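Written out below as structure tokens is the structure these notes cover.
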Amino acid sequence: MTNDKIRNFAIIAHIDHGKSTLADRILEFTSTVSARESKAQILDSMELEQERGITIKLNAVQIKYKDYIFHLIDTPGHVDFTYEVSRSLAACEGALLLVDATQGIQAQTLANVYLAMEHDLEIIPIINKIDLPSADPERVKAEIENIIGIDASNAILISAKTGANIDKVIEAIIEKVPCPKEADSTKPLEALIFDSYFDNYRGVVILTRIFNGEVKVGDEIYFMQTKKSYFVTELGVKNPNEVKKDKLSAGEVGWISASIRDVKDVSVGDTLTLANNKLTTPLPGYKKLKPVVYTGFYPVDTRDYNDLKDALEKISLSDSSIVWEPETSKALGFGFRIGFLGLLHMDVLQERLEREFNLDIIATAPSVEFVVTLTNGDVQYITNPSLFPDRSTIKSIEEPFIKASIFLSDEYLGAIMELCQQKRGKYIDIEYIDDHRRKLIYELPLNEIIFDFFDLMKSYSKGYASFEYDFIGLRESDLVKVDILLNGEKIDALAMIVHRDFAYNKSRDLTEKLKEVIPRQNFEIPVQAAIGAKIIARETIKSYRKDVTAKLYGGDVTRRQKLLKKQKLGKKRMKSIGTVEVPQEAFLAILKTDTSKKRE
């Protein structure tokens, strides 16, 4: 197979614009998948992806069409999984830009297009869902030209659902996507690891793009970053199931198994070469993203701690963006503090741990990384609110800020601007895309975004607004630590860092929520929120009352008083030794506290 017959491309789009459906149609049109094997979301192999209707993991598949070989790398569309997209694009020469004919350009479309431009990819604009009555392809073409700045006059109009014009997409891939540059099978092996996963029988399986050279079964491969070497036991391509081959050559995308048992030996973004003919300089990898949200994961059964550690190591293989370290909590025991790229990322990882590894997890409320400068000049990076230093020792607190670009219709402008103001946002600019659509730019503290901003934005705009963001650095803020006390004892896992102006409202909301979700006991439980020694909110969980006087009838009143006094003493003793069981809902309650509500 000569290089001029190979095409490597990805599909980029905003979530729900029909990316996985288009991938399905391409696989069917090229007979890679027969009609009998076909199903919705063929490349979304994870059960979670099928259920939620989203792509979480990238996937690489080889397609044979006439005398050409295509390598389609499917990418996620949600803002949390941008790192998956950047990995996919590093292995491609072209990208199909898919835009919904009814919704037009959305925030994540733009973010992914800019990533593709950074990688100098050939971009082919495709307008999907033209079969819908509300489709407006001409408006979308104008948007692509005005916002992105690429010629959309020849944009391909398709319906991935019905399969209309899929043949034109295939022809455009052949004509417009460049063949792999300077791929030479005679040079030393030069391959980029863009993904990996763990197989219980074979160990670590690597997904790789071969830029130069070739690799065969039995070759000794060398990882340039981890400096480890292994012998290849199996290799091949996906179409979309694994197909074994004898070798992978320059320009190809495939998988390699080398009986690697230690997950730390493989690093996504590393360069693969041969042990007996090494490269001197590694390939430029993609940029490693810094976690945005930090949360504590604790096993419900403390005996599962080592199982949770093993599960995190295996998931880290294919999800190189998560960072984690052990931590302990008085309330929850031993667990891990984990860094994620966003709340959906956190939600998906928790669900994967519970499904794939049969673990029961308690997740604490998410937090961002605060930079605290102490009066003695020391600087601390705090991701766990319970470790916040004493206020008297703090000179200044800085929190991360973002620049948010929100795409929305005119009718929702007022509501979304009000939401941004409530979240301590600073208005920067508004851009007019066309007669009805606007791009709103705000600077916002990340700590306000990670809780409920996305849900509220969708709610206020009936699902039509979308946003993406970039970090703009740290800024000093007047932040305080709010401790939650149950029965007079601090629950470290419920502590939160909030702006002083919102501390009272958030504390009132949280104590009310905790009162609802914590089960009643045989004694009264005060639920308090405190800043330092000052209590700023309180609710009381009423006790169960056993009617100890029910057996009395008539007789002396002192008998009744004696029984009630005895009950009171029993409850007092129980209160002093009783521990309050805190359910998972209590930790989720922090996510649901809504400072956008107006309090009278």
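Glycine residues also receive a Cβ, built from the backbone N, Cα and C atoms like all the rest.
According to Swiss-Prot, the feature domain 'tr-type G' maps to 4-181.
Annotated GTP binding site per Swiss-Prot: Asp16, His17, Gly18, Lys19, Ser20, Thr21, Asn128, Lys129, Ile130, Asp131, in sequence order.
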What is the Cβ neighbour count of Asn128 (GTP binding site) at a 10 Å cut-off, with all protein chains included?
28
Over the domain 'tr-type G' (4-181), what does the predicted model average in pLDDT?
75
Annotated GTP contacts Asp16, His17, Gly18, Lys19, Ser20, Thr21, Asn128, Lys129, Ile130, Asp131, maximal Cα-Cα distance (Å, integer):
17
Give the helix, strand or coil assignment DSSP yields for Asn128 (GTP binding site).
strand
Reduce the DSSP letter at Asp16 (GTP binding site) to three states and note it down.
coil
